[in-house]
Amino acid sequence: MQTQILGYPRIGSQRELKKVCESYWASTTGQKSVLQVGRNIRRENWELQKKLGVDIIPSNDFSFYDQVLDHSLMFGAIPQRYNPVATKEGNTELDLYFAMARGYQKDGLDITAMEMTKWFDTNYHYIVPEFQKNQAFRLFSTKVIDEFYEAKQLGIVTKPVLIGPVSYLLLGKEKEAGFDRIDLLKNLLPVYIDILTRLQSLGATHIQFDEPFLVLDLSEQEKQAYQAAYQQLRKAFPELKFVLATYFGALQDNTALAVGLPVDVLHIDLVRAPEQLDEVVDGISVGKTLSLGVIDGRNIWKNDFENSLTIINSAIERLGKNRVWIAPSCSLLHSPCDLELEKNEEVLTAEIKQWMAFAKQKVAELTTLKQLINEENSAAVKEQLVRNKEAQQSRKSSSLIHNVEVKNRTNAIKQSDSERLNTFAKRRILQQETLNLPAFATTTIGSFPQTPEVRSWRAKLKKGSLNQEQYDQLIAIETEKAVRWQEEIGLDVLVHGEFERNDMVEYFGEQLDGFTFSQNGWVQSYGSRCVKPPIIYGDVARPVAMTLQWTSYAQSLTSKYMKGMLTGPVTILQWSFVRNDQPRSETCNQIALAIRDEVVDLEKAGIKIIQIDEPAIREGLPLRKADWKTYLDWAVRAFRISASGVQDETQIHTHMCYSEFNDIIDSISAMDADVITIETSRSQMELLNAFADFKYPNEIGPGVYDIHSPRVPNKNEMVSLLKKAATVIPKEQLWVNPDCGLKTRGWDETKKALIEMVEAAKTMRSN
Ligand SMILES: Nc1nc2c(c(=O)[nH]1)N[C@@H](CNc1ccc(C(=O)N[C@@H](CCC(=O)N[C@@H](CCC(=O)N[C@@H](CCC(=O)O)C(=O)O)C(=O)O)C(=O)O)cc1)CN2
Ligand SMILES: [Zn+2]
């Protein structure tokens, strides 16, 4: 029995990649150091996996920004608008690559970035491939080949990881009418063949194809594409061992398809979908190996060895040891790097830490499981099993986890707790009277630039070189500056800027019972941006108000409306590492009650507009349609519980980004927020159609500019987006705002862009 890894975190255990990329973008370091950091991270990852005893180690799981974008560059799927960047003297392939990811606004060029969206149900974002009708593909970037060679030079023969051809096409988007992207398969396969030819000649023996779409609902045509693609690849490479990786769910009705594809190893996710084991084992043909994803790649809890051994042994009984591999459930991209770096017991106590495993520890667990199976039962290995049992037992019986009051309160939630007092139609009249806002009211989504300076104050507070009072003073000044500036440029509804928050989820987690934290448990979210998801280990409660002080302070500075700014229960749940000992819905209700109390406190303090962000509500949607309703019912209800403790006059906003709303618009509507702000600019208002078709009754702020790119939009382009919006949504319902918060931007570009945005709103009013 062998072990494999599908992918390893690539940010570096000290976020080296983030740091060097950001310096490169700021022109404070050269390309050489970027490439060097990349090489270092790859080497460390390979050598670590080797040292920890992994049999099949991946390559090409590294990326400077995003693995899907890597593939677009590899296949030469480079939108034409980047030609000037590609041909400009002095620009390298990496410059072209970053231009596609982030847009390009220099040397007199002004080119928008490619769209970004969520990677399945994770908080990772990928760059969406753009396809034209007669899209041609050719081998452009040789990264996968170079990295295989690089590892080989280090003495490690790796398994190159490719996104499979069908999933790659399905991840993309048609940029003109008149074709279906799946029909591009025939153009694409020759490039795969070219790549595999080169890899094989360099000595590759195994190739991993990631085909996560196999756990989604597939059309007949897509199923046929799978057959066609893998038969053609198999025919071209009878010798190479193909590892087909599925993850994030069960194969279900695609089981027959998946087990029938001409590959050598099939990987399945047995953490998300343990129930699929029997059916897959039944179906898999002689000669094929099954890779069991038994270690959770999406959470930080220690593996339960006894449970895993049962699963593995049951597969071995029927397939034999030679036809079974074991692995983490999915790429470890979604796990933090190394628990050993967590040394501060005041942050993460020893009791809770012993229940956890990060990427490196998961790799070690994998080897231990293999040793236990292969009966390399040295005393040390047996000892591991005993200690693992103790850790599981300690968690089950810990007094830290349960809070009777919280359980009683969630059990007592009534229907009326999730309902506003009156319908939106009635509330709207009252809110208009109270608030008296202009048409095309302008606002922002909450955060203003988290400059290195602001972050450094927090770092100093942690280190003790600033005390709480000094820190608060600095934040107060920054907040006041932001308030004054918003007044000056004439925004209608102001925000306090979120300067006091490290992250919109972690900040709340830090103030809630039942949460703990890591100091260095970073996970890539997109590009160089990382999150440090809080860890929910027990029942959640709010001991004291969380945002009252800063919101009230900001409101006291101005006679304009200050929006209260909260993160909603579904998003806090979705962006945390959650308990696996109770249903997610239960944890979500506990959080909802905590947020509800905060909303009520803000209202009491005179805050008239309160935004409850739910950017992750779409992301949490199950991958299979059959499971949607159950999820949407509890998720929408949790949001409504958090929002319904207030009077009709209090205006509740919500905000979402990266959301394909078409298929869940009724649930979005059922959230019954008075105003929803959404991300629409990168898709040119396309997303609004769902709201228009549904005749969405409440107010909407479609984002008029992309905040993920440093590019500054001008007034005219925002006016034209707003005009486009006004053709599908009655203008009385429209707000004007950016796509999302501005924390990742600098002040210079933020100021310029918002001044243009306010001007755009004025133009709309005068039309
Ligand atoms: N959780 C979450 N998920 C989300 C979003 C989000 O905002 N939060 N937004 C969407 C897009 N994703 C995003 C994810 C991360 C960031 C982001 O800005 N991340 C920051 C880190 C934010 C943070 O936690 N900052 C901390 C720690 C900052 C830090 O790095 N400190 C330095 C020290 C700084 C110094 O000495 O000056 C260090 O620890 O080394 C703070 O401000 O306190 C980053 O990567 O740079 C933005 C968007 C979707 N998913
Ligand atoms: Zn957002």
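Cβ from N, Cα, C; glycine included.
The active site, proton donor annotation in TrEMBL covers His708. For the recorded site, His708 (active site, proton donor), the DSSP three-state label reads coil. Around His708 (active site, proton donor), the same-chain residues at least 6 positions away in sequence with a Cβ under 8 Å from its Cβ are Arg102, Ala113, Met116, Tyr526, Arg682, Asp739, Cys740, Thr744.
DSSP assigns Glu619 (5-methyltetrahydropteroyltri-L-glutamate binding site) to coil, not to a helix or a strand. For Arg15, Glu16, Leu17, Lys18, Lys118, Arg529, Cys530, Trp575, Glu619, the entry in TrEMBL reads 5-methyltetrahydropteroyltri-L-glutamate binding site.
According to DSSP, Gly446 (L-homocysteine binding site) is assigned to coil rather than to any helix or strand. The L-homocysteine binding site annotation in TrEMBL covers Ile445, Gly446, Ser447, Glu498, Asp613.
According to TrEMBL, the domain 'Cobalamin-independent methionine synthase MetE N-terminal' annotation covers 3-315.
Sequence annotations record features per position, and here TrEMBL assigns domain 'Cobalamin-independent methionine synthase MetE C-terminal/archaeal' to 440-762.
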Of Lys118, Glu498, Cys530, binding-site residues neighbouring ligand 1, Cβ under 6 A: Cys530
Spatially closest candidate among Ile445, Gly446, Glu498, Asp613, the listed binding-site residues, to Glu619 (5-methyltetrahydropteroyltri-L-glutamate binding site) (Cα to Cα): Asp613
Using Cα positions only, nearest of the binding-site residues to Lys118 (5-methyltetrahydropteroyltri-L-glutamate binding site) (Ile445, Gly446, Ser447, Glu498, Asp613): Asp613
CB contacts for Ile445 (L-homocysteine binding site) [other CB atoms within 10 A, all chains]: 27
Sparsest-packed among the binding-site residues, when each Cβ's other Cβ atoms within 10 Å are tallied, from Arg15, Lys118: Arg15
Cβ packing number for Glu619 (5-methyltetrahydropteroyltri-L-glutamate binding site), 10 Å threshold: 24
Sparsest Cβ surroundings (other CB atoms within 10 Å) among the binding-site residues Leu17, Cys530: Cys530
